[in-house]
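Here is the structure we will look at.
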Amino acid sequence: MFTNKTTIFFSLFFIGILIYGNTLFNDFVWDDREIIKLLSHLQIRDVPSFFIDSQSQSGGSIPLYRPLTTFFLIIQYTIFGASPFLFHFVQIILHVFNSFLIFYIFKKLLKHLITAYILSVIFLVHPINVEAVAFLTSEAYFTFFGLLALVLTISLKENWKTLILIYTSLLLSLFAKESAILFLVVFFLFKILFHRKKLITHILSTSGILLIYLFFRFVLARLYVATAPNFPIARLSLSERLINIPKIISFYIETFFFPKNLIIGQQWIVENINFNNFYYPLIKVALVFIGLALFGIYLFRKKNATFKVFLFFYIWLLLGLGLHIQILPLNMTVADRWFYFPIVGLLGVMGVFFIQFKSGNRLIKTAVLIVTSLLIVILSIRTIFQNSTWANDKTLFSYAAQFDTQNPFIFNNYGLVLLNEKKYNEAEIYFKKALELDPNYWEAMNNLGFSANLKGDKQKTKEYFLKSIEINDNQIVNENLALFLKENESAEELIRFLEQAVKKFPRHQKFHIMLMLKYIERGEIEKAKEICVKALVINPNPELKKVCPNLYLLK
């Protein structure tokens, strides 16, 4: 049996490298560059701060609490440096491991090796997963630890040692991404449906790891629910977001079955109830889920042994979709990578369906195998092509712009490509187009400030940065303005600005350090001491530990 599993794993590994091999030569794209920039300022010794300080791992306007993902990325950066090839290789390997874990779960629950293998291959090669593999996201990390916990539960005899492994995996999944709370529900559901022994113990243990996570996130890191207030979907009220749900769910189901145009950064919203944007998607979604529910009722009435398996994966699918239907507003309306968890539920439901209606006729079996193989080949070709669009920022955003001509996000990011090519005037055209489509797009306004600064227009630079702060008073723009003031304005103006900044962003160490240095320059040692102590509380790095005591030697 070990040889069988080994053969299957290496076949998945070979397919994964074959299909995703062209991503190995891709550059860092989109937010990857910001992640690498952040990693360049972190070291292994900063690991404890990843778990107790959200700002140590997120320099963006939306603070994130994903300490385990940050930990693994800094390990890679420490070993490999800023090598896109090796970062992409790790993403592929994680995806392969996830495919193998999915195979194991399907094999155990569906009890049909060929079906389990085919479904795991579909997960491996499906183009909807490209965004989770070609991009440095947390999806593969949290999914790996969540699936591992489930595999350990299925395969190992229950004792205190295995329980420690299982619940450690679930906790690590939570530390990789908050979406892993879904795995706690899935794990509990599995216990109810398939393994009710020691149910109270598992309820208490699951509650325990959730409390540990909440303590680290809310008490130590002091990061609550991270929202994205300046994105189109997030500006809508809850009732307005609800009318987007049918189209959102329809998007994921349609993209799974017909992955034609895979576009990043989708910011569309449904503002009015009409046939095309509400009723038509609602009808399609209703037909799919009512059809699945009727299939479940059929299995239940037949007292079919696979009913529990169907119910398990059906709820898995609903949970995964439910997290991303904008009840809590996110920074995009839809994203391919957000289907990385729910796709497992959908594949599981499909597996139950295929097993239920499998035929003993050899001719039919052969025909089904040929059609399935052909579909896998088509999906693989589509994935290889999609990988190529992630080669660099220019290919990524120019591809997206072909299909999404009303997306300010695409215009803004293509403007950044031109900015990096020193085509400042052209870049500004795209930033302004983004602002025409969305006047509240602070990033486009911020980038206009960058462009003006590179052109040497100090007045426009300051004006754009201040306008960006009016739209969204976040630490990124404040930091940009602080650096501009440091180089171009008086020390008094910079100090006034920084004194306000440390009040607005009490957990942002850079503002404290900049203010401390200005106080030292001006001979205001007592104020410098006070700020240095606050900076040490945020992150007690060795450099500051040397600076603060020395301040007390100054008169």
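Any Cβ shown, glycine's included, is placed from N, Cα and C.
TrEMBL entries are annotated by machine, without manual review.
Source: prediction; values computed, not measured.
Residues or ranges marked as repeat 'TPR' in TrEMBL: 408-441. The average per-residue pLDDT of the prediction over the repeat 'TPR' (408-441) is 93, rounded to a whole number.
Per TrEMBL, transmembrane segment is recorded for 7-25 (among others). For the transmembrane segment (7-25), same-chain residues at least 6 beyond its ends with a Cβ under 8 Å from one of its own Cβ atoms are 85, 88-89, 91-93, 95-96, 99-100, 103, 117, 120-121, 124-125, 133-134, 380, 383-384, 387-388, 390-391.
Taken from TrEMBL, the feature transmembrane segment applies to 74-97 (among others).
Using a Cβ-Cβ cut-off under 8 Å and counting only residues 6 or more beyond its ends in the same chain, the transmembrane segment (109-126) has close neighbours at 8, 12, 15-16, 19, 95-96, 98-100, 102-103, 154, 256, 259, 306, 309, 312, 343-344, 347-348, 350-352, 354-355, 372, 376, 379-380, 383. Taken from TrEMBL, the feature transmembrane segment covers 109-126 (among others).
The transmembrane segment annotation in TrEMBL covers 132-152 (among others).
Annotated transmembrane segment per TrEMBL: 164-193 (among others), in sequence order. Away from its own ends, the transmembrane segment (164-193) comes close to residues 51, 65-69, 138-139, 141-146, 148-150, 152-153, 156, 199, 202-203, 205-206, 208-210, 212-213, 216-217, 308, 311-312, 315-316, 319-320, 323, 341 of its chain (Cβ-Cβ under 8 Å, at least six residues beyond either end).
Residues annotated as transmembrane segment in TrEMBL: 199-220 (among others).
Annotation comment: TrEMBL describes 278-299 (among others) as transmembrane segment. Cβ atoms under 8 Å from those of the transmembrane segment (278-299) belong to residues 243, 246-247, 249-250, 253-254, 270, 306-307, 310-311, 314, 349, 352-353, 356 of the same chain, restricted to positions at least 6 beyond its ends.
Taking Cβ pairs closer than 8 Å, the transmembrane segment (311-332) reaches residues 62, 109, 179, 182, 185-186, 189-190, 193-194, 225, 227-229, 231, 233-234, 236, 238, 241, 244-245, 248-249, 252, 265-267, 292, 296, 338-339, 341-349, 351-352, 409 in its own chain, all 6 or more past its ends. Per TrEMBL, the feature transmembrane segment maps to 311-332 (among others).
For the transmembrane segment (338-355), the residues of the chain that approach it from at least six positions outside its boundaries are 102, 106, 109-110, 112, 115-116, 119, 122-123, 126, 128-129, 132, 139-140, 143, 147, 179, 182, 252, 255-256, 292, 295, 299, 306, 309-310, 312-321, 323-324, judged by C-beta separation under 8 angstroms. The transmembrane segment annotation in TrEMBL covers 338-355 (among others).
Annotation comment: TrEMBL describes 367-385 (among others) as transmembrane segment. Within the chain, the transmembrane segment (367-385) has long-range Cβ neighbours (under 8 A, six or more residues past its boundaries) at 15, 18-20, 22, 118, 121-122, 125-127, 129-130, 259, 359.
Note on the repeat 'TPR' (408-441): DSSP counts are 27 helix, 0 strand, 7 coil. Below 8 angstroms of C-beta separation, residues 9, 12-13, 16-17, 20, 23-28, 32, 36, 39-40, 42-44, 46-47, 50, 124, 129, 132-136, 140-141, 144 of the same chain, each at least six residues beyond the ends of the transmembrane segment (74-97), sit close to that stretch.
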